[in-house]
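Below is one structure, written out as structure tokens, with a few remarks after it.
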Amino acid sequence: MDDLRGFLRQAGQEFLNAAGEAAMGAAKDVVGSVINEIFIKKEADTKRVLPSIKNMRVLGEKSSSLGPYSEVQDYETILNSCLASGSLFEDPLFPASNESLQFSRRPDRHIEWLRPHEIAENPQFFVEGYSRFDVQQGELGDCWLLAATANLTQESNLFFRVIPAEQSFEENYAGIFHFRFWQYGKWVDVIIDDRLPTYNGELMYMHSTEKNEFWSALLEKAYAKLHGSYEALKGGSTCEAMEDFTGGVSEWYDLKEAPGNLFTILQKAAERNSMMGCSIEPDPNVTEAETPQGLIRGHAYSITKVCLIDIVTPNRQGKIPMIRMRNPWGNEAEWNGPWSDSSPEWRYIPEEQKAEIGLTFDRDGEFWMSFQDFLNHFDRVEICNLSPDSLTEDQQNSGKRKWEMSMYEGEWTPGVTAGGCRNFLDTFWHNPQYIITLVDPDEEDEEGQCTVIVALMQKNRRSKRNMGMECLTIGFAIYSLNDRELENRPQGLNFFRYKSSVGRSPHFINTREVCARFKLPPGHYLIVPSTFDPNEEGEFIIRVFSETQNNMEENDDHVGYGGKADTITPGFPTPKPIDPQKEGLRRLFDSIAGKDMEVDWMELKRILDHSMRDDLPKPVVFNRFSNNMAFETQAAGPGDDGAGACGLLSLICGPFLKGTPFEEQLGMNDQSNKRLIGDNPADGGPVTANAIVDETHGFSKDVCRSMVAMLDADKSGKLGFEEFETLLSEIAKWKAIFKVYDVENTGRVSGFQLREALNSAGYHLNNRVLNVLGHRYGSRDGKIAFDDFIMCAVKIKTYIDIFKERDTEKNETATFTLEEWIERTIYS
């Protein structure tokens, strides 16, 4: 150790300077790499993962009044530009590169991106129209997307909403195509170029049986762009794609556990033009895919009609529930049991009834079954309930009914609104809450009840799989509300402690959407969507479909100042107000203010850092690297020149010297020997080197500037004594409230308590504002530090005061010019 100390003394200040420069360089490299990792990845994510959501216009709406993003792609603009220049479009947001193919690994062979005219002669968008034969699977595991695409071909109005028909490889061809998908409540236009991945000149992924037909391959590429890459499409549910094609809500039923009113459900779905399908689960123990009854295992059938058919026999007269299905193969592979094409049962059906249902006996893959045989021979039925805007005017005029729909967007923010399921009672009530009001029962419902479908969908998870983000485990619960309970916004802990749910999602499950159907009497109901565990971050939309009108609203607080009724949350003691002694306060102010008898933010910071040093993180400042950082080693004497260098060397080289003899010589294995001291040891004393990352020196300059601005009426940047006195009184109140909610005395409060703490300070905030505060001021574990809590209170008070000043009519409306708004807010 003596040799090492001698070396360090000889190096002296030269070593410290070199080490300081090296440390600064290393720090810059580390910080730079972190910034690059965060922001460059974020930029790539913005451009590649969700290009169409961010950059495409919502169909039927104007673009944002804030002006377009630089990456906005407008189909007509790009098309006309390419036609004018004679060039073919190359999409910079979804380039012909490996990143658009896969995110987990590089392709195992050379992939060549070719345009259709380089793949086939006389390329066509459609060849003799479109059909399910145009949908053939390639090497990508996206059969769920193909099944949905095949179903889409059965409905022309839905098909051409997704796939605009005016596109071709002849007239106005410029290598650009566009497709439309529903994404989380909005229709987005996705633009692509027509370069497609090939191997040995053949399309690798979705393709048509006709080599020169390309609508299906281009549709798949647009869907891949929507989700960031082709690989993002591996594995999924047909329901997911059907929703993206229609904007509907999908539900499915296990026919072995079918509800007693399933036939009525199917009937009403058919009346609303819902898309329906069914299937038989494949049996690994059975080699033949075809059953003795002519049905195909593991194969999707379309349900094309659900009705009651009149039947007249010598022994019976009445109606029989029937279902018509179609095998998409369109061949002789049909049901051969009762009510099949050659079945004798049809002779008991009146001729006018046969004509009414359009009965034919062609070998076209279409056949009829009784509902009971349907339950006996199929395993699963899926229903895609179409949104109200999916029905054409002609369909509505022809008697097709539509669903009534309400929708809200929401967010789970860790420590704020991510409360987890009912198992976590203390935080469950912090989840977003929604009220639906059902007024009229369903028509023809003998029990006077309302059919309600609740669908909870998490947003953007598939598109973020390249960042290791999978679906959260989600679900929801439904509670009835009486008139008195309606007054509570939101419902608090005690409501859920003593109230039982009247409905809930069948499971908490890690799929994009969880959906359930309920029969509820008219009334008011509270829906609480949540993740299974608390503190899981995500965005969602919640939709409610009903046969009669439903009114939906967010059950949340109104933003503003509270009234006299605001109290500390039950169970917490009321804080004692701190009344500073005016004489002592005046002396303190006079000693700091100087000749102008005003304090600026720096002088305010000195006062607050001194008076509230026990409530703030311990000071850490950096000698040579920023302001003044000194290392101290207990083994070194006061005059030992090597002490600071030892500490510095330990900090810089520690990670590289672990497990070597130098670790013991430098004392790196004894954490108690390494300390950092601030400018003023009395402000908090030594702290360990490991605390550097988490600690700051007193109130930040931004907090102090904002506190001055809050009361600085003349915008001088300074406070007089009366303003200073008012500010300290506000801070004393906020400090007292903070201590009440800092139950563990850690200098931090849980984000879940932020609403109650701010309510106690007199501020009412809703979930949207609380989420923003959580993102802005919360730590990774959802905690809020004391100075950040003060900043929250300062900002909220300032902005409310700015707004209230202009809300002269007290109708929650204020008018500012852009200049006025910037002037008022930028100083705050």
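Backbone N, Cα and C atoms are what each Cβ position is placed from, and that goes for glycine too.
Computed from a predicted structure; not experimentally measured.
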Region 'Linker' range according to Swiss-Prot, out of 338-357, 558-577: 558-577
Number of other Cβ atoms within 10 Å of the Cβ of T746 (Ca(2+) 2 binding site) across all protein chains: 10
Residue among binding-site residues D714, S716, E723, Q753 with Cα closest to the Cα of H299 (active site): Q753
Positions on the same chain near the domain 'EF-hand 3' (699-734), where near means CB under 8 A and six or more residues out: 575, 577-580, 582, 585-586, 589, 593, 596-602, 604-605, 608-609, 612, 616, 761, 787, 789-791, 793-795, 797-798, 801, 827-828
Long-range environment of the domain 'EF-hand 5' (764-799) - Cβ separation under 8 angstroms, sequence gap at least 6: 410-411, 413-417, 432, 490, 535, 554, 556-562, 566, 612, 615-617, 696, 698-700, 702-703, 706-707, 709-710, 730-731, 734-735, 738, 742, 746-752, 754-755, 757-758, 825, 828
CB-centroid shell, 8 A cutoff, Ca(2+) 2 site D742, T746, R748, Q753, site residues removed: F738, Y741, V743, E744, N745, G747, V749, S750, K783, I784
For the domain 'EF-hand 2' (579-614), the mean pLDDT of the predicted model: 79
Spatial neighbour of D742 (Ca(2+) 2 binding site) that is closest, considering only the binding-site residues S716, K718, E723 and their CA atoms: E723
Spatial neighbours of C143 (active site) that are distant in sequence (at least 6 apart) but have CB under 8 A: Q137
Candidates D712, E723: member of the binding-site residues with the richest Cβ shell (10 Å): D712
Among N327, S716, Q753, the one of these recorded positions whose Cβ has the fewest neighbouring Cβ atoms within 10 Å: S716
